[in-house]
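Right, one structure below, let's go through it.
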Amino acid sequence: MKLAYWMYAGPAHIGTLRVASSFRNVHAIMHAPLGDDYFNVMRSMLERERDFTPVTASIVDRHVLARGSQEKVVENITRKDKEERPDLIVLTPTCTSSILQEDLQNFVNRASSTSYSDVILADVNHYRVNELQAADRTLEQIVRYYLEKARKQNTLNQSISNIPSVNIIGMFTLGFHNQHDCRELKRLFQDLGIQVNEIIPEGGSIENLRNIPKAWLNIVPYREVGLMTASYLKKEFGMPYVAITPMGIVGTAEFIRQIEFYINKWAPILLGKTVNYESYIDQQTRFVSQAAWFSRSIDCQNLTGKKAVVFGDTTHAASMTKILAREMGIHVVCAGTYCKHDSDWFQEQVKGYCDEVLITDNHTDVGDMIARLEPSSIFGSQMERHIGKRLDIPCGVISAPVHIQNFPLGYRPFLGYEGTNQIADLVYNSFTLGMEDHLLEIFGGHDTKEVITKSLSTDLDLAWDSDSLSELSKIPGFVRGKIKRNTEKFARQNSLSKITVEVMYAAKEALNA
C-alpha cells in the first residue's frame, strides 16, 4: 500500500464494482468509509448512464470503528434484496474492512439464508492486487459460481451450437472504448457468419451464464480482464480461446486466422466443410480499412523515422507499439506498461519493435523517461497527456486511465478494421507537423511568448534575458521546445543561472561537437 496522488490502476474494490455493475440485475455492496463511494458518481458521469449505478456503500463510521459492524452489513444486504430484487448481490471488501478484520464471509452466510438473491463475497486480496487483477478474478469467480450451480441443478447446457459461435469475455463498464469495440467485434463476426453467444460481463445476465459452453470458442480482446475466465472454461469444458487483440491491420488478420483455425476443428463435422476467411481479410484490408492505403501515402511517409513513446495497459501499449513500428514506420524509442504483473508477456510482445522497455506504475518515472528521450509524439493514458502538455509534446490517448473525453458519443472503436481507421487518424493528428506549425506562426496562429514558457524543464534557478527570449521566439515551434531544453541542460551543467544569446550558441556548439 502506498500514498499517491495519481494511480494508473485503482484499488481492488473498484475492479470488483466495475464487473458487478456491468451485469444486468446484479447489485454490489462495499464495506467502506464515506468517500470510497466515488465509483457511483464516476460511472454515471463517464458512461453517461441514465439509471442509478447498482452499488451501495455500507459505511464504516465511528460506531463501526468502536464496536464493529454487528448487523449493519447484513441489514444492508437484506434491505437491497427486498428493494431491488437482484439476481445476485456481491459484497466487496476494501482495505478498511480488511484492517478491521471483519468476517465478511460470515455476513454473507447469514444474509444468504434470508435473501431471495444469491449472495457472494468477492474473493480478492485487497493488499496484493490492483483494480484490473481484481476485476479479472471477480469475473472468473461469478462465472464459476453459476456454472457450478447449473451443473448441480442439471441445467447446464453443454451442447454446442449448430453454427460457429463465440463468447466475448472482458467487455465491461469504464473500459477504454469498450462499448465501441464490442459493437465492431459483433459486426466483424456477423460478416464472418459467426454467432455471438454471450457477451460478459457488459450487459450480460447471470441467468444466461449456463449457456456459455454452447459456444465453439471464447474471445478475450483485452488481457487485463477475461483471461482467468477463459482459462477456467478451457480447463473445465475444453473450450479454446483466442487472446489476440484485433488492433491494426496485422493484428486483426492474425485474430481472424486464429478464429478460423479453431472453427475448422468442428466445421467438417457440423458444417460438412471447412471455412476460409482469407478473401474477407484481403477485401477488408484493401477496400474497407483505409489504414493500409494511408501507410503508403505521402502523409504517413512524412512520419517515417519520427520518434514516439508508448505507455499504457499491456493490451493497448503492446498493440500500439507494433502498429507504429511495423505498419507506419515510426521509431518507437520506448514502450512501457503499468501492468507489472504482466510484464513478461509485454516484454516478449514488444521485443524488436522498440529501443527500450519501461515497466512501472510510477508516473514520475514515465515523465522522466519522456523528458530524457524527447519524442515527437506520445501515445499513452491521460497521465501521459498531462506530461506531454508540460513538455509541449503532442499525445494521443490509447489506454486507460482516461477522462470523459475518451467516452465519445460518436462511434470510435479501436478494434477491427474500422478501428484501424480510427488509429490512423489518431496517429497522424498526434504529431506536430513542421510546415503546418511554421505557417501558423507566420500568420499569427500562435502566441510564441506563451508557448516557450510551457515546458517541464523550466526551473526557477534559470533566467532567460530579453535578447535570448527574442532569439528563441524566432525558432520554428516544432523544434523550439527541444532547443530550449538543451540550452537549459547546458546551462545547468556549466552552473550558469542566466541564459543569454551567447549561452544559446555555446549550447548549440557543445551539442554538435
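Start at 1 and count along the chain as shown; that gives each residue its number.
Using the three backbone atoms N, Cα and C, a Cβ is placed for every residue, glycine included.
Regional average pLDDT for the domain 'Nitrogenase/oxidoreductase component 1' (12-431) in the model is 91. Under the heading domain 'Nitrogenase/oxidoreductase component 1', TrEMBL lists 12-431.
Under the heading [4Fe-4S] cluster binding site, TrEMBL lists Asp36. Listed in sequence order, the residues of the same chain lying 6 or more apart from Asp36 ([4Fe-4S] cluster binding site) and placing their CB within less than 8 Å of its CB are His13, Met30, Ala57, Thr94, Thr96.
What TrEMBL records for Asp299 is active site, proton donor. Within the same chain, the residues at least 6 positions away from Asp299 (active site, proton donor) whose Cβ sits under 8 Å from its Cβ are Tyr428, listed in sequence order.
The substrate binding site feature in TrEMBL is assigned to Gly434, Met435.
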